[in-house]
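Down below is the structure, laid out as structure tokens.
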Amino acid sequence: MNTRRELPESPYLAAASGRSPHRVPVWFMRQAGRSLPEYRELRAQHRMLQACFDAELVCEITMQPVRRHKVDAAILFSDIVVPLKAAGIGLDIVPDVGPVIDNPIRTLGDVQAMPALESPQVAPVAEAVRLLTAELGDVPLIGFAGAPFTLASYLVEGGPSRHHERTKAMMLGESSTWHALMTALTDLTIAFLQAQVDAGVDALQVFDSWAGTLSLTDYREYVLPHSSRVFATMAAAGVPMTHFGVGTAELLGAMSEALAPGAARVVGVDWRTSLADAAARVLPGAALQGNLDPVVLLAGWPVVEKAVRRVVEDGRAAVAAGAAGHIFNLGHGVLPATDPGIITDAVELVHSL
């Protein structure tokens, strides 16, 4: 059943779909997070994964930056390891460390023993989506998931990693095990995204946080087929889909290929790549999202104002050069030390330009 809302005036959905928005849309990755005192107050009482599986908490945390900053989109408060936890994989999110896996995946037998994700296991997430779509009014809700490669890296390494040694060793040296793992994680990612779509999200974003550690050759051989299946399957949902990674300048063309042809497609760009270069690298018909350096928000208003104006100008130039649209965002997530007042002022400035 299609529970999606009609939001014809949304500048975010317009830009993501290749239409002309009435203003430059803006939202921020990690806009619901530690930069907000109201978030810190809630999180002082609840562990991260506990919060991610509490529908009312997810709703409240997701709404906080929408109320405060008047951004043009909400993104569901969650974590990329939530579907792994929901499926029954032992893990925890350790403060100041990140996701830590109880029993890392190292063999084909480990892969074959992995549980699948069933929709009842993410019922709290779906309920949070329903609560949010009832409360958000004309603001669209973005659902999201981690991409198979990034999930695989956490599972194989056992936690965050600088060099992803075990992940790449499996990928390059045990390709049958690797592709079996990626197939299982692609199925899991699709199931998690589908549960969000069925509950009513208005758009999707897939985060491949660690894809930038790969060469283009390895990305095409070992990752692209699986990411492409995620987007090809989800294209039937009829919602805009964004593909984002960090340090992925050389991969932007391939990442745009992963997005299903004919769907509303957006490629996220980090601050290391100009929007002009990104527009030249992605396939025709893709919009761009980005790409302010998150650290700029720590540098004081005169610096922020200049940088925000530049990104808006660069976005307009990219659209003139052929990009389907531009959505203002950061090139990564909001840093915890960011003054929320600066974010509010940046949103107001983007809307005024």
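Each residue, glycine too, has its Cβ placed from N, Cα and C.
Since this is a predicted model, take the numbers as computed values, not measurements.
Here is what Swiss-Prot says about this protein:
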type	residues	note
BINDING	Arg30, Gln31, Ala32, Gly33, Arg34, Asp79, Tyr154, Ser209, His332	substrate binding site
SITE	Asp79	site 'Transition state stabilizer'
Other CB atoms, at most 10 A from the CB of His332 (substrate binding site): 22
Fewest-neighbour residue among binding-site residues, criterion Cβ within 10 Å, set Arg30, Arg34: Arg34
Cα separation, Asp79 (site 'Transition state stabilizer') to Tyr154 (substrate binding site) (Å, whole number): 13
Surrounding CB atoms that lie within 10 Å of the CB of Ala32 (substrate binding site), all protein chains: 25
Residues that sit under 8 angstroms from Asp79 (site 'Transition state stabilizer') by C-beta distance, when 6+ apart in the chain: Met48, Leu49, Cys52, Ile93, Pro99
Surrounding CB atoms that lie within 10 Å of the CB of Tyr154 (substrate binding site), all protein chains: 27
